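Presented below is the structure to which this report refers.
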Amino acid sequence: MDANTNSDVQKAEDLKLKANEAFKANKFSQAIELYSQAIELNSSNAVYWANRAFAHTKLEEYGSAVQDATKAIEVDPRYSKGYYRRGAAYLAMGKFKEALKDFQQVKKICPNDPDATRKLKECEKAVQKIRFEEAISVGDAERRLVADSIDYHIIEVEPQYAGPRIDGEEITLDFVKAMLDEFKKQKCIHKRYAYQIVLKTLELLRSMPSLVDVDVPIGGHFTVCGDVHGQYYDLINIFELNGLPSEENPYLFNGDFVDRGSFSVEVILTLFAFKCLYPKAMYLARGNHESKSMNKIYGFEGEVRSKLGEKFVELFAEVFCWLPLAHVINKKVFVVHGGLFSVDGVKLSDIRSIDRFCEPPEEGLMCELLWSDPQPQPGRGPSKRGVALSFGGDVTKKFLQDNNLDLIVRSHEVKDEGYEIEHDGKLITVFSAPNYCDQMGNKGAFIRFTAPEMKPDIVTFSAVPHPDVKPMAYANNFLRMFQ
């Protein structure tokens, strides 16, 4: 309701100040709650809507950020921050053309603001680049796969190269361990060996279905990890806590290996090397960040270009298209990066038959597997991210019943404790990037299952120190201005 007393106006202003303090302390969910209380008391203050939009942006809830910023603009069409916040949210979603319109409006309202001028120019450059790339792009039918054009055997390894080497065709544990040590020292392996790892992984992934069945023998265990997001030193900490991957110690990494964190190349080469070493003990699922549009914005593309070169950008994009979309462990546990669907009745066979070799579409089963989130209320609702949907416990229960499953494990969302159990214990979110982006203060977690019971044993851990390279160090320059 609109404020109609001076008392409500003052209380709302006090709540805004408390929300601002929570925001400064990186307590973004608390800030959203406090801004919401302020809005309840005085919904005609555009600042509250714009501030809440900014807090949603920090939680990657870009759909909600666009809604709030739009409301700020409706309340006060001359409030430049409303357009600014909405433009930033559109930008984070990869909607550069929509973002450009909002920044043009900011410049119109604040013609003498040098900051607005700079951001508008950056946005114009980004849109021009996209239009150029669209103009020169070729259709899928005409495109030759970059993987088919690479023969790593003819790449010479210079005598002065002092890093680890692969002798012949087989990637060994000794090589992988030596590579991990090189990465810890912020060194990279020779491009020949990077090509060898990535191309061998591509070969393995191409032979896998879109839905992979995993069998854990009686007495055996299996570990599921969530988003790692380029946090290499935290990945190594997982292995120190839980052991290196091996035939006796298998892992599933549930998508979003890259982006945000600035050691994404090290993370992906490590996971791919273990996939080559133990194809049946290292399982990898696609996340929404294993896509060109996300990698272009959130750092992986720039990092690959810097550390390995242009050809690897396209090569990784191809390999990501072959990543499976979901796994079922011992016919009981369904593991997927995002979540469930906008329609009931989806069977495992429907997922298995998805033609996954493409960039993620904006709707449909594949999009929803990568992007959806659970919600506390029953039924389905709009996504706070602006992509796919939110689904309730009744949707989870029906999917499990329809497919004779016991549990859903998914990732995709940062959680304060590294995990969250929802939907009457039938859905667990696991997130394995502690102190996400060096600012969220969250723990990381992984889940161990032991056959035949397959009950989840959740292990949490804290962030470890890493070299002084900031998150998003390789990200789109324009996006970094809004972090």
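Cβ from N, Cα, C; glycine included.
Listed features, source TrEMBL:
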type	residues	note
REPEAT	12-45	repeat 'TPR'
REPEAT	46-79	repeat 'TPR'
REPEAT	80-113	repeat 'TPR'
DOMAIN	189-465	domain 'Serine/threonine specific protein phosphatases'
ACT_SITE	HIS289	active site, proton donor/acceptor
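Assigned with DSSP, the residues of the repeat 'TPR' (12-45) fall into helix, strand and coil as follows: 27 helix, 0 strand, 7 coil.
The repeat 'TPR' (80-113): residue composition by secondary structure is 27 helix, 0 strand, 7 coil, according to DSSP. Within the repeat 'TPR' (46-79), the DSSP-based counts of helix, strand and coil residues read 27 helix, 0 strand, 7 coil.
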